[in-house]
Amino acid sequence: MAGGFVSQTPGVRNYNYKLTPKVFVTCFIGAFGGLIFGYDLGISGGVTSMEPFLEEFFPYVHKKMKNAHENEYCRFDSQLLTLFTSSLYVAALISSLFASTITRVFGRKWSMFLGGFTFFIGSAFNGFAQNIAMLLIGRILLGFGVGFANQSVPVYLSEMAPPNLRGAFNNGFQVAIIFGIVVATIINYFTAQMKGNIGWRISLGLACVPAVMIMIGALILPDTPNSLIERGYSEEAKKMLQSIRGTDEVDEEFQDLIDASEESKQVKHPWRNILLPRYRPQLIMTCFIPFFQQLTGINVITFYAPVLFQTLGFGSKASLLSAMVTGIIELLCTFVSVFTVDRFGRRVLFLQGGIQMLISQIAIGAMIGVKFGVAGTGNIGKGDANLIVALICIYVAGFAWSWGPLGWLVPSEISPLEIRSAAQAINVSVNMFFTFLVAQLFLTMLCHMKFGLFFFFAFFVVLMTIFIYLMLPETKNVPIEEMNRVWKAHWFWGRFIPDEAVNMGAAEMQQKSV
Ligand code: BGC
């Protein structure tokens, strides 16, 4: 395969590697893990705007929706309806906590397999649902699946990828998420036109397809060298490293992995350890990055775009079509990140994307405010409605090359092995918690905060952009096990990293700190 590379980052070690087909194929399959998450994100919004579905399970909301004279902002406000969407994320939150142990003890691939399996069972419950209980049990099972997959896939991709291309490979997860969303919106578009209950059943039931894809994918995937070493299979790990890096000269990288593993074995309590001062940057980042990612307000669009478009006066079909368009834009724009993240770095994308989202959110809020006012009555012309859709696309594009992929990439690449599973579990559970909150509260917030809701999210975009500017050092091209040097050089985080930590391992550090 293609010629060899040596990573060129000053101050950090350089490893040899070639881009092998094997690393591409395994990461491609690994990224399937994003499909189940994406399919679900995309399917719920459309299903909750389908009349037969509402009639069957939420007759009260259906009646309210039919009542055209009511306040537009409050058309869909129902806690039970939002519980349908959000229950999944509570389950994902809980499962990601114990998925971290499975990921560490049995390897990344078995976590993915389990994720696919529970998701599969959940899709059957939903597709055949006869009552709300079946619907909710299905959602919870799907949530368990998502928790397992989101815990293991980003770590899998970051560990498999050569350091210089880690950003691009890891972004495959986000590409798969958005692909799942787009496929779901296309399916919804067609099933919404079917008569009776068959449409929503197909939409929910087809979740079994990405589930089967991950299960099969997980069975054929090799485990990462890091995970093999962590579980005591050093010989296999070295062979794996040689085959994915396309060269026999992997001694330096292999030694770093062995050292990292030795150090991590001395650490008995990853959960307690992550609270030590020397891991403060990782702890803060793995809490704040997912929190901010959700406070961009992206899931207002992901879950409720069809509902939002109906609120804006679009017909049901036009709403689903517009949701499809925003999804396709998001997918295309995610590739901008894939191709630039390792060249321009994480910070540039975060900052540029933040500013773009901010401007478009303010414009959307202002336009809706002018058209519907505080009372939420009035009509919006075709031209204005199209302009709002265009602004939403600009906003989604900004998210697609910044907080979307980087919200998963950065937390998965900044933690040393001894705290990696715990850090990723925090990342997933914080993300799921705020996904749940936004999903649960959005329709009520829209009803009460009206167009001000867009300014509310814009405020957080300002905060997160300042946060990145001041607190996140650039991590592009830095091998994961060498990340301490980056923190040490940072104006703020440097004080938490003892000088020796840059060269010394966790075990020695821990002995020093007791
Ligand atoms: C986020 C999701 C979001 C999706 C698509 C992901 O990175 O975690 O909450 O729905 O991107 O926009």
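Backbone N, Cα and C atoms are what each Cβ position is placed from, and that goes for glycine too.
Keep in mind that this is a model prediction, so the values were computed, not measured.
Database features, via TrEMBL:
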DOMAIN    26-476  domain 'Major facilitator superfamily (MFS) profile'
TRANSMEM  23-42  transmembrane segment
TRANSMEM  80-98  transmembrane segment
TRANSMEM  136-153  transmembrane segment
TRANSMEM  173-190  transmembrane segment
TRANSMEM  202-221  transmembrane segment
TRANSMEM  283-308  transmembrane segment
TRANSMEM  320-341  transmembrane segment
TRANSMEM  353-374  transmembrane segment
TRANSMEM  386-404  transmembrane segment
TRANSMEM  424-446  transmembrane segment
TRANSMEM  453-472  transmembrane segment
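Here the transmembrane segment (320-341) does not touch the transmembrane segment (424-446). Their Cβ atoms form fewer than 3 pairs under 8 Å, with each pair 6 or more residues apart. Highest Cβ contact count with the transmembrane segment (173-190) among the listed stretches 353-374, 386-404, 453-472 falls to 386-404 (criterion: pairs under 8 Å). When Cβ distances are compared across the two stretches, the transmembrane segment (424-446) makes contact with the transmembrane segment (283-308), since 3 or more pairs at least 6 residues apart fall below 8 angstroms.
Long-range contacts of the transmembrane segment (453-472) within the same chain, counting only residues at least 6 positions beyond its ends with a Cβ under 8 Å from a Cβ of the stretch, are 284-285, 288, 292, 295-297, 300, 346-347, 350-351, 354-355, 357-358, 361-362, 364-365, 368, 403, 410, 442, 445-446, 492-493. Between the transmembrane segment (386-404) and the transmembrane segment (283-308) there are 3 or more Cβ pairs closer than 8 Å, counting only residues 6 or more apart in sequence, so the two stretches are in contact. On the 0 to 100 pLDDT scale, the model's mean across the domain 'Major facilitator superfamily (MFS) profile' (26-476) is 88.
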